[in-house]
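Undergrad: The following block contains the structure, expressed as structure tokens.
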Amino acid sequence: GLEDCDFGWSPYDQHCYQAFNEQKTWDEAEKFCRAQENGAHLASIESNGEADFVSWLISQKDELADEDYVWIGLRAQNKEQQCSSEWSDGSSVSYENLIDLHTKKCGALEKLTGFRKWVNYYCEQMHAFVCKLLPY
């Protein structure tokens, strides 16, 4: 329930989420999430409902209005094989929502699609990001 998420975090389906308006590389963002109180991760997205929620969360945050990309926890382990991608929190990639891979290996949500579709982007680029944690 709501009472399980700390101030600043928003609940959805037994997890808590927060979009951060700090410019970080994918690795820095994942480290930042892990440093949060309960050891969060960059957000994994495992259903259409969760994708809608994360998109809504980003759009609610005025400081993110100028962001073109927002990091999520997807990272390709190997350029050629999408099937070896995984979420940074260890969730398996059973729900798929990608546009393309190329040689960009870190997952982001793209403003052009209303932060609704995943794109693979250059991991060293600096972007805002969304963390996700289990509240207990």
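Backbone N, Cα and C define each Cβ position, glycine as well.
Keep in mind that what you see is a predicted model, and the values were worked out from it rather than measured.
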Undergrad: Return the single candidate from Cys33, Cys83, Cys106 listed in Swiss-Prot as disulfide-linked to Cys131.
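TA: Among Cys33, Cys83, Cys106, the cysteine that Swiss-Prot links to Cys131 by a disulfide bond is Cys33.
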Undergrad: Look up Cys123 (disulfide bond) in the DSSP assignment and reduce it to helix, strand or coil.
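TA: SS state of Cys123 (disulfide bond) = coil.
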Undergrad: When the Cα-Cα distance from Cys16 (disulfide bond) is computed for each of the disulfide-bonded residues Cys33, Cys106, Cys123, Cys131, which gives the smallest value?
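TA: Comparing Cα positions, the candidate nearest Cys16 (disulfide bond) turns out to be Cys131.
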